[in-house]
Every structure is written in structure tokens, then in C-alpha cells.
Amino acid sequence: MDYNLYDFLPLYHPVQTPAFDRDVNSLSEFTQYELPREEEFPQNPGDLMLHQKLISNFINPHTLYDGVLLVHEMGTGKTCTSVAVAEEFIKNNYSSGETYPYTMVKKIIVLTKGKGLQNNFVNEIANVCTWGQYLEGLDRYIRNRDKKIKKNVKVHYTFDTFEIFAKNLAKMSTNEKRMTYENSLFIVDEAHNLRLHSDPEEGNIYSEIYDLFHLLKSRKILLLTGTPMKDRPEEIIDLFNLILRTPLSVEDLDQPEQFKRKINGHVSYLRAMISDVDRREMGKKLGSLNHFRVQPVVMGDFQSQIYQLAKAKDDEEKSIFNNSRQSSAMVFPDGTYGKQGFEANILPTTSGHKLKPEIRDELRLNLRKYSAKYADLIDRLKVDYTEGRLSFVFSEFVKGSGLVALGLLLELNGYVKATPSSNFAKPQKRYAIFTNETSTDAQTKQLISAFNNPKNLKGEYISTILGSRVIMEGFSFKNIQSEYILSPHWNYSETSQIIARGLRLGSHNDLKKNNIKFEVRIYHYVSLANKNYPAESIDLHMYEIAEEKDLEIQKILRYIKEAAFDCRLNQQRNTITNRKFDGTRNCEYSSCSYECSNQVDIGHDNRNYRLLYFQSADQYEKLKATIIETASRQPFTIEQIVAETKHSEFEVMTVIESLLNYRKVLFTRPEGYYYLSNIKNLFFASNVVFDRDKHYDSNDPTLLNYYTKYTTVYMGKSIGQLIQENQQKYMVFLVKKIFKSKNLVELQKYMVQLPIYLQEKLLSYSISVRHQDIKNNFVRDMVLNNFKLYYKIQDPQAFIWLNPENFLCTANYRDPDQWKPCTPSQQRDIEYMKRDRANIKVSNNSYGFIGLLNRKTNDFCLKKLQGPTLSDEPTDKRKRNVGKRCQNWKKVDLVDLVANKLKVVPDEDFDFTAEDANTVKNNPKFKKLVTPEMDQNDLKRLAFWNAQDVNHLCRTTLTQFTAQKLVVDDPNCGTANKIR
């Protein structure tokens, strides 16, 4: 095994160098995460996707890369990507075995636009992006859970809004900033909101944060965004300049190659996994549009006149065209529109809204007069329903002339509004509406679940979805075949996000499985005041401006995609293979195929991976398992493992050295623990600790034959002697642990591992010194408490029946040397004692249960007592109630026992208000447990114990029953040997 010094030194090259390009496309810690075209989403909390692992290896304690802009589309898991990076630093800060150079961060600071986003971020950290470490200890609480989670998360993460963070920075001196924020990791969520602004206050926020990032010499920065530019290409300059040590200028945008060189190593680009189903933009190109297709509808004279007045009002008020936009959607028969029209023509009801009766028939019969857009839409929705196509309609307007009014128009045309209580077993023409004002999150999720159900393929449950901006994040629709965009936006990025709700990866799998041929048709509605003057349209005007902006933005986005450090690694995922999209927005208005700036071929260089990452990789654990399994069977050499596993010699030695140096237990057998040992290049399992520095004559053929033949090496002693010696060593170890126990649970953990004769020894000595003031009286009392079911003292006599095959008795329990096997008559007396004790437990028991404990298995059972006061005697006398494991009882019975009968007090920090008490009273699941005479304390107990898991309820019951001497010995508890 010949190694050079550089084999043990990790190496990363600086960005913007040819060596960096080689590193990114060849180092195994990066290239092993090359993305396939499709990838399954994680099923368990803390599981990461490939691109998330890649970024966490790029911005990492061991790398010198200090700032990356993540241009990752919506749905790629940007939050979890940043958390994966942060958790690597947290893990490294607490690692005691780190041997290579690394960056330790003092703080992890998450910056968001508003406080609401912070709550989402905390929730993602605790429940989605990590394996549960921030939820530990919370399973027993139902109140203040979010507050407790946030407290746990804030141990490692600090949260601030852009505004508050900038204001605090403005109050700090330069030295204070350095002292506070040097060696910090900054995560900036929705970073496109942080930019130079015409508003002085917004501009100051950007400047303060920019100055801090450039003041710090050692910092790591992650900027998260799915839309780095919304209105102008120049917005990207502000973003990159937050992380670049050498700033960009606007002129760089006109020099693509120079721009790409300057951002090299500082940007990652990733498309979402989107559906590759056929989609068709309906309509035609109008006005100055060269790429966007729109679906034009011409207003009738009445609507057109009102629209012209609304437009003039907007021009006069120099407003944001709200009047024009509302009136182009719909005007009411009285000539009103928007907020005024809504209040004058739509009435509130207990379940929502309704149209005034006097306008219902007019709108049903002459809708095109008042809304060309809605009349055309409803005609198309009727065809969709008839032909079994699911449809999705979007408008950013809810009230006014928006979605609520549209829903009422649908009802005039035979639709029924779907609610969570709808009878979906009966097919019906239904629509569902999702807005902040018409449905809660829970209701929205229920209805989307019904809509996405494979049984709703042709609209049997719900045929049409009406959605506002509330559905932009977190919701996806399946099997949509028609999408209708009723209101445009000044930039197209938001419109594209809306369309993507119905075009996700796998969103149309149910249609494919049923061999239904389909395409997704997309309609961008524009209302024209007059077909001869298409420019007279606020809708068309907005699309023209959006396209003009989008052409420039997408050109810069193509540069970013080509310059991304992970361009080659993500190319399969990012490339759209359907040639029909060439020249469209989907491919940045260019060819869908593209070349990366970094042209280095993908390779696999393990120089850093084996040093920094191998020990935390799945391959390491698999190799370790193989080595342990081999050692359990026979001795082995390194060469044998290399040949068998195809791992490198370095990797095999890494595992072996870890097992040797840290004396890790390979496996346990009755004679003790086994460790890995070696003599030169021969490795074997042994429960004898070998001194690695001691010389052994490994050339002795007899010794070598012995090593090869036997897994474990012993010298000069019989197997029986060695087993006895090792058992003695282990027993000493257990007894030491018992005498260091801090509580009864800890003592029981080690006590059950002792042979029964040693348990008897400890119990008999504890009985003999029960009245003495000894050093370990705390342990003595725990031993007596642990075995209280298995002894009785009748001063001066005492009896122990811990071992069912050998009872112990003494005529003078104060003398520890007088314990002897019981005589037959004493054994009979003990059986009477046990029976009498059980009878007392039944007769004095007001709880309806008795506890059974199996000492051999530590199983705890509950037996329901029978009798006239507790339950009727069974008519079939052959059936006997023998009890069952506590965990097998219904939770409601255990809650009733602990809360209502034992009346165990809840934890001190369990908050409970009068409002909570009313909730408990009215909750159907507490119906059998709540009685009229219960006060707030009773209800608090009930709520608390209902929030606990069954294991905790059983532990509490055992503790309470043991304290009240309501537990009896039963060797059949928890076994299949019950007498029935």
C-alpha cells in the first residue's frame, strides 16, 4: 500500500479557472449527483434529491466556494436545498473527529421578505428537510407545538426580514458588523425581492446588506430564487453583485462571454421536472405579439361603452388600470363593474354569495352583452364537460368582476358549487373555487384531492377549477386538458407559474394509463373593445409589454443556464427534447439544445470524496456491513475484500482503520463483545483486546492455520474458561452500571441483562440492608422497588420468588448469609401469599384493571377485572379473561384509565384554556369519556393524555399500578402460552 502525501489532502481550485471547471465535472462528490431526466421525489422527511446533495457538497465546510445564486424553478425544493447546506455546517461544528481543513460558521442567518415566509421556512426545516431532530420531545404536546418547534430550530438558525436586518445593520459600527457576522452562512429566500430600488427605503435595505456581504472576509451566501428577473434584465446585476467580489456592470449584459466568465462558479440553474405532454397555445398573434398567442373575444356594444368610460377614468386618474381590467372582464346590467358592481348586484349568504334575483334571468339569457370573455369561456367549459375534459380557470380578481361572479354565472348554467361535504358518489356538473376569501387551506386541499382522484378523470366529481393567486404555491392539478387565463400580468413569469400548476411531472399519468389521447390547450383571453381596433384592449396591451420584457429576460436566463457551474451535471434535466418548442419561451426563444460554457467531460475523481465524504456515504455503511459479516465467519485480508466488493484499497482501509482505532463492536455473543483485531494483514473478530503495537510471530504456520480456521482467537485456555471469564467481565460491567443508575428505568435496563441468580443476589442483599444507612441506599431502594412483586417480609422471616424454579427463604433477613432454598412447605406458603396478594388487588381495586408483569420478557399486561361491580360475569364459564399486553388495548381505554380513573396530573408546561375545554367537550372522539360534572382540570387531564402515544400511556400506568401495588407476577403475560 503505497500512498503519497496528496492522497490525504483535499484540494479544490478557485472559481473562474480551468482547474475549477475540471473539478466540477470530475470530482466524485459532484459528478455522482449528475441528474437523470426524471427522479422520484423523496418519500421521507430528511431525504434529499440529487441536486440538493450536489449543492450541499459545493457550498460546504470543506470547499472554498463562498457564494451561489440558486436559479431553481418553483417545485425544485429550494428551501430544502439551503437547509441541506446549513445542516452540513451544523454537523461539522459539532463533529469531534474532523481531521481536514474546514470552515466553521458561527451563525446561520435566514433572511426573508416578510415574517410569514419565516414560518413556512421553519415548518420546512422541521417537518420536511430534516429527519426529525427538531421535533424530538414534541410528540407529547398538542398546544404551542409550533412555538416549541421554532424554539428548537432557532438553536441553530436565526431569522430576520430584509427590513429589520438592514435597520439593525444601520445602527452598528464596522467593527461590530465584523465581530457579529464574520464566519456566517447567509440564506436569502426569494432573493429577487432584494435589489436597488427607486424607493429610497428599499434602496437602503439593499445597500446595507450589500455593504455587509462585501465587508466580511469569510462568509457563505446562498441566494434562492425561481425568478431572478421579473421586469428588467438589469435586475440580475443587483443579485449577482451581492455575492461577487468583483461586481458586474450593466455593460456586461451586452457581452455574453464576459458576463458568463464573471459569474462562473457563482450560479446554479435547474428547471423543474415538468410534464412532456403535448400542449397547444390556442388563439393567434395580435398587435405587436410575435410569440404569445392570445384568444380574442370582442365586447358587445354595451360592455364596450362601459369599458371606454372605465379606460378614460384610468387615464384621468393615472391609475394602474384597475377600472379597465375589471370592466373588460364583466359589467353588470346596471352598468357597474368591479367593487361597485359587486356590492350592488351580489348578496352575501350563509354559504357564500348569490346574484340579486332581478338580474339572474338577464345574465343567463344575455351574458355575451355584459361579458364577452365569460360567455365564450362558459361555452368552452360546457364542451369540455361534454367531452370529458377537466378544466382550470385563473383570474387574479376574486370579488368585483372576478371569480365569485364567474362562479355564480356557472350556477346559472347548470353547475353546482363543490364543497367538502358534497356527495361525490353521485356524478354531477360541479365547479370548485379556490381563493383566500372563499375557502380555507383545509377545504382547498380536500377539494383538490377529489379533483385529482383517478375516478374524476372525466369530471364526474368536479369538472372545473376556478383559482386565484392563492393556488400559485403548493398546489398541483392532475389530468387538466384545458387552461384558461382570464387576467394577464405585466410580466409573464407569474403567468407561467400559474400554467405550471396543471403541467407537472406525472400530472397526466392517469390519462395515459387509461389510453386516453389528449393535449393540454392553453387559452390567454384578451377582450377587445372593437374588432377593428385590437389596440383598444388593456389585456392585449399587458401581454405586449410582458412579451417585450420576457424576450430580454429569457436571453439573460439562457446565459445563466449555460454558465451555471452545474450546467453539464444538470443538462439532461434542463434540456427540453421536444423540438416543437424550439424558438418558444420554454427554450428562452432559442433552440432547445444548448452548450455549456464548461465543456470538460464528466469524470470520476475520488481524491476528495474518499477523504471527506466516503465515511458518510451509503457505500461506507454497506462496505462496513460486508467486512463485519466476513469477520463473523472467518479471518480475511484486505486484498480479499477489495476483490469481493470492488472497492478501492483506500476505501477498505478507511473502514478497517475506523473499526480498529475506535474499538467498534462488530457483534455480540453470549460470551461478550467482539471487536476487529489484526496481525499484520490478517484481520479477524476477537473478544480479546489485542495490543496493536505488540509483536506477534505471524510467520508461525501453526498460528496462521489456527487464525484461518477459527473466527475468534484464544491462547492457552479452554472455551469454557474463556466464556466464564468474559461473562464475569461483562457481569462486573453490568453491576457497575446498575450502581450508577440515576433512575428506575435505567436500572431496569441493565438489571434484566443479569442472570437470574445475580438478580436474586442483589435483591436478597438489598432486603438484608433495607433498614441500614448505607452509601448506596438510593440504588438499594430502587432494587427493592423494582422487585416489590417478588418478595415478602414477615419479620424476621423473608421470602423471594424471583426464580420460579428456586424460591429463596430466610429465618433472619437481616443476616445476608442465611438465605437458602425454600422447603416444600415454605414454597406452599409462598403460593398462598401470591394468591392472597392477587385477591387483595382485586377486592381493593377501584380502577377495573389489574397489572400483570412478566419478569423474563419485561412485558406489562392489563387484565380487566370481572364481577358485579365492574363487569358482568361471562355466561360461558370456559372463557377466562387472561389479560393482554398494554399496547394492545384501545387507546380510548388507556386514556380513560390514566386521565379519569388514576387522575395522573399533566406536565406543568401543558397550556389549557377555557376555550380548549369547550373544544374537548364538543369533540365527538371524547364523547364516551366526558361527563357533565367534569371541571376544567378534568378536561385538561383528558386532553393531555389523549395527546400522548400508547407507549407513554403504558409506562405511566405501570408506574402508577406499581406504586399502588396493583401489579402481580404473570409468566404468561406477553406470550402465546395463555390458558383459555
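Keep in mind that glycine also has a Cβ here, set from the backbone N, Cα and C atoms.
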Fill in the blank from the handout: Ranges in play 189-192, 321-324, 925-928, with Swiss-Prot marking motif 'DEAH box' at 189-192
Practice task
Run through the motif 'DEAH box' (189-192) and tell me, per DSSP, how many residues are helix, strand and coil.
Solution key: 2 helix, 0 strand, 2 coil
Completion exercise
Long-range Cβ list for Thr76 (ATP binding site), cut-off under 8 Å, min separation 6+ in sequence, same chain only, gives Met49, His51, Gly226, Leu270, Arg271, Ala272
Handout entry: For the motif 'DEAH box' (189-192), distant same-chain residues with Cβ under 8 A (at least six beyond the ends)
Key = 69, 78-79, 82, 110-113, 117, 121, 223-225, 227-230, 235, 239, 242
Completion exercise
CB contacts under 8 angstroms to Gly77 (ATP binding site), restricted to the same chain and 6+ apart in sequence, sorted by sequence, are Met49, Gln52
Completion exercise
Among the binding-site residues His72, Glu73, Met74, Lys78, the one whose Cβ has the most other Cβ atoms within 10 Å is Lys78
Practice task
Inside 10 Å of the Cβ of Thr79 (ATP binding site), count up the other Cβ atoms and send me the figure.
Solution key: 21
Fill in the blank from the handout: In three-state DSSP terms, Thr79 (ATP binding site) is classed as helix
Exercise for the section: Give the sequence-ordered set of same-chain residues, not counting His72, Glu73, Met74, Gly75, Thr76, Gly77, Lys78, Thr79, with Cβ within 8 Å of the centre of the Cβ atoms defining the ATP site. Expected result: Thr81, Gly226, Leu270, Ala272
Exercise for the section: Inside 10 Å of the Cβ of Gly75 (ATP binding site), count up the other Cβ atoms and send me the figure. Expected result: 20
